[in-house]
Amino acid sequence: MSSPSKRREMDLMKLMMSDYKVEMINDGMHEFYVHFHGPNESPYHGGVWRIRVELPDAYPYKSPSIGFINKIYHPNVDEMSGSVCLDVINQTWSPMFDLVNVFEVFLPQLLLYPNPSDPLNGEAAAIMMRDRTAYEKRVKEYCEKYAKPEDVGAAPEEKSSDEELSEDEYDSSDEAVAGQADP
């Protein structure tokens, strides 16, 4: 077994042993989902997202690909594809980082400290810069609509970015779970 594959296995096991729910996409250790909770003391608190992680063959020397499966309202996340604009992951990745760093440091920091000057979602960036209260209200609306714990479990297994659900499909799936009370 080569060094990158040993490291991939070790990092994935470390992530699975932490508090994160990890779902493998297929038999390999290259693609999986992680359930990620919004950080406390942020408008994302209470939201749960299903994050798709793809590890390149050269991992840990090459950064993982990270994307939100269920919708999130954030200046640095593309609303349609879920792609993340995160400098540490995309440009300054180092083999010293591991998958737990992504979910315990990088993503929480992204949600706590958005960068509206480098947006993937221009509308979110503009609202955030103009009216922080309106921005936080919209974030909370998206959390209520798309980031409930039951939404993460109901997220599609394999959806490519060109198979996005229409607004009507999102609305109808929300109505199906809206009447259920949390235990």
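Cβ atoms are placed via backbone N, Cα and C, with glycine included.
Noted in TrEMBL for the protein shown:
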- Cys85: active site, glycyl thioester intermediate (ACT_SITE)
- 149-159: compositional bias 'Basic and acidic residues' (COMPBIAS)
- 160-174: compositional bias 'Acidic residues' (COMPBIAS)
- 1-148: domain 'UBC core' (DOMAIN)
- 149-183: region 'Disordered' (REGION)
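Residue counts for the domain 'UBC core' (1-148) under DSSP, split into helix (H, G, I), strand (E, B) and coil, are 57 helix, 24 strand, 67 coil. Its own atom aside, the Cβ of Cys85 (active site, glycyl thioester intermediate) has 18 Cβ atoms within 10 angstroms in the protein chains shown. A mean pLDDT of 91 is what the model gives for the domain 'UBC core' (1-148).
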